[in-house]
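Engineer: Here it is, the structure in full.
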């Protein structure tokens with residue numbers, strides 16, 4: 001897969017601002033610029049992110065950093081197997097003096113939610129969380145409580161073969177726009193972690209370089225990015241390939257297709273363009289497919305995704 | 001993972017096999033039909049029930065068992081029969097392991113072969129039409145294997161494909177037919193293994209032997225006369241074997257080996273020329289009118305004036321004859337032959353003998369005798385009938401003359417000859433055909449025109465040969481119509497269940513096409529081929545020229561088809577894609593970059609910049625301009641083109657410069 005070819009920054013200062021944000025987060029999460037770009041692209045596209053990795057690779061740091069630089073309210077839930085849906089969504093409590101129930105909002109009411117170790121929670125709790133994610137609101141006792149306009153969930157998950165986990169069903173995985181795996185940093189990058197300046201800087205929060213309002217306007221702008229027929233043909237072709245592939249259990253859903261489209265728009269926006277190029281689609285295809293496509297023997301379909309991209313003809 | 005064949009595909013493959021094998025079923029061993037039924041039933045059972053298919057080792061054993069059966073029933077050797085039987089058997093057995101497209105294609109190819117082997121036995125028009133049908137079924141199976149779409153039994157697309165393919169093959173078939181080098185004699189044409197067509201006049205005549213031929217409306221031979229010299233139908237006596245030995249029941253041939261039969265004819269007799277196209281009969285006999293003046297090459301004239309072919313007539317045979325049309329055949333009759341020809345069973349048929357004696361008392365002359373006998377047949381109550389009562393007694397002549405009184409040519413001829421012999425006149429039975437159907441430009445003689453008549457020797461001392469054979473046809477006295485209207489048309493009763501006048505007429509009508517077919521196709525031999533190619537100015541005396549012509553036409557049409565296919569599937573690029581290709585052309589000499597063409601502009605520029613950082617600016621400028629035009633504007637305005645051209649020229653210069661500097665360093 002080709003990486004982003006940094007476009008010449010245009011007069012539009014949003015590109016500069018976003019580049020600055022990426023640089024800033026990159027100082028915290030060393031050597032992972034492309035992953036950071038994907039997370040931010042998902043945020044701009046208004047989707048949620050699933051981070052899948054072993055512990056200690058900086059998932060939480062990444063989430064906290066992104067929340068800080070965007071200046072968003074940040075909550076973190078550590079999911080465990082004894083957690084109830086109310087621990088996430090909130091509870092109604094009876095007040096004898098008022099003779100009425102009042103609703104206490106749970107940790108989900110925030111702008112940036114880090115749901116750590118999602119697959120440790122029981123399916124009941126998982127589904128409560130994912131439902132709220134999908135509908136952008138919580139229904140409790142016949143009333144609906146809307147979320148903030150900016151609502152971004154970053155869930156982390158231990159690799160699926162870990163013990164004591166409840167793996168998420170396919171239908172719920174589909175609610176995440178993209179999924180990523182950070183992986184180990186390079187040796188040089190890892191060496192920097194031990195430097196004193198880095199450890200010092202870790203203690204200070206990152207500056208808020210943006211705010212919820214600006215994020216919303218960016219999200220609006222992303223939806224306006226132009227897509228040529230030819231690019232849509234390519235996108236459609238990729239989706240069809242995933243459905244026709246003999247070794248893939250289940251092809252991409254229309255929701256996944258829409259996700260791929262939004263991600264491509266977002267990538268184009270970040271590159272300072274107001275139109276999608278095929279490369280935007282190519283770049284977004286892997287993170288969009290990664291958690292959605294499984295081989296017929298249950299493995300990740302990485303090699304087949306690569307194969308589909310390679311067989312495209314983009315003359 | 002090749003997919004399994006669908007039930008519809010299996011059905012068509014099986015149908016193709018059955019249709020191809022069917023016309024050979026009659027000559028395959030008895031166990032063949034049940035075996036084929038079992039194989040097909042098993043194959044469908046596996047298909048429908050999805051049971052596990054048989055192990056290879058079992059299939060191998062079945063194949064070996066079938067081979068042994070073939071050897072057991074047809075012997076061991078490399079004859080045509082065995083080769084064809086093995087081919088057919090293995091094709092049918094192949095169905096047992098046909099589960100995938102690859103095997104299915106093989107079976108289909110084998111079906112074409114199986115169908116073709118039928119031509120080794122016959123090339124009749126009806127058969128050709130059947131085999132065309134077989135070719136279509138096989139081709140349709142091919143289409144069904146290749147285009148599996150729906151489950152309907154007839155899909156438009158598949159139907160179109162199979163008919164289209166056959167239509168495309170047609171010109172090639174014609175070309176091959178005309179230009180394929182002909183062999184002098186067929187490779188497989190060894191006469192002793194000929195299996196069909198053993199009908200027609202035989203060596204013997206006993207009560208009821210000719211009646212079998214009456215039932216058979218298949219053609220015996222066709223005659224083309226020159227312009228306007230066709231004799232009247234009652235003059236057409238196609239002479240075949242002459243039978244002179246009688247054991248009281250059966251007439252057999254007796255050749256007087258020592259006689260050198262010099263034959264003469266009346267000076268007044270008309271001489272006519274005609275050509276004969278004879279259907280194979282598996283025997284040596286050939287047929288001609290009365291006194292044949294020239295024995296064609298490869299044939300002999302027997303002393304009894306019968307034409308014999310040196311080889312059995314196993315293929316369509318053409319020959320030209322000239323004959324004197326006469327009922328008198330002058331020939332010397334040696335004394336020892338005379339004795340033979342007067343022989344009749346002693347002490348039998350006394351009633352007839354007494355009657356002959358009485359006749360002799362009044363008029364002893366030969367013609368007087370003949371006329372008395374004919375008169376007897378005419379005035380007494382005799383009937384021409386195809387279903388005469390069977391004659392059981394030893395005294396066949398008496399029984400026929402005084403009791404049954406009903407019969408057809410063989411009864412009358414046989415009885416007449418015996419009567420003449422009793423009267424002391426040498427006489428013999430001549431078999432052959434009489435008459436024929438006038439088809440306009442030729443005369444069709446059918447097996448049912450088989451006939452038997454008599455010849456009586458009349459002494460004529462003043463002639464140099466001492467006498468002549470006088471043809472006498474007693475049947476003509478009983479049923480004069482027989483000679484004018486042909487055997488099939490004079491009897492009210494039907495000869496068999498399927499004997500209808502309209503059917504007979506249709507068959508006669510069809511023979512017209514068969515005649516043309518024989519003329520143009522079956523008989524297209526080396527000399528006709530040479531004549532054809534001489535006519536269009538290509539001289540050839542051996543097959544090499546033809547082979548070269550064939551190969552070059554094949555190569556040319558192959559090239560034409562492939563270039564057409566290529567042209568039809570060529571990639572078509574719009575203006576913007578052309579620009580991309582021009583851009584790629586700049587890097588033609590960089591295989592690593594050029595190979596990535598299909599990955600798209602962005603991937604390519606990325607690897608260019610990676611490899612040649614010096615080109616970064618000009619490449620990126622061009623790329624950005626291009627991407628915006630292609631994916632934002634989606635069309636190429638003149639202004640855009642100018643800008644693109646500008647960036648392109650710059651990039652081109654930079655690329656050239658780089659090569660320049662590279663080559664200098």
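Here the Cβ of each residue, glycine as well, is placed from N, Cα and C on the backbone.
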Engineer: Looking at B:103-121, B:198-216, I want to know which stretch TrEMBL calls transmembrane segment.
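Structural biologist: Here TrEMBL associates transmembrane segment with the stretch B:103-121.
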Engineer: From the ranges B:78-96, B:230-248, grab the one TrEMBL calls transmembrane segment.
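Structural biologist: Transmembrane segment, as annotated by TrEMBL, spans B:78-96.
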Engineer: Tell me which range among B:545-567, B:568-590, B:591-613, B:614-636 TrEMBL lists as transmembrane segment.
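Structural biologist: Based on what TrEMBL states, transmembrane segment spans B:545-567.
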Engineer: Among B:54-72, B:78-96, B:545-567, point out the range having the most Cβ pairs under 8 angstroms from the transmembrane segment (B:159-180).
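Structural biologist: That would be B:545-567.
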Engineer: Under a criterion of three or more Cβ pairs within a distance under 8 Å and sequence separation of at least 6, are the transmembrane segment (B:103-121) and the transmembrane segment (B:54-72) in contact?
Structural biologist: no
Engineer: Does the transmembrane segment (B:127-147) reach the transmembrane segment (B:12-42) with at least 3 CB pairs under 8 A, where each pair is 6 or more residues apart?
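Structural biologist: Contact between the transmembrane segment (B:127-147) and the transmembrane segment (B:12-42): present.
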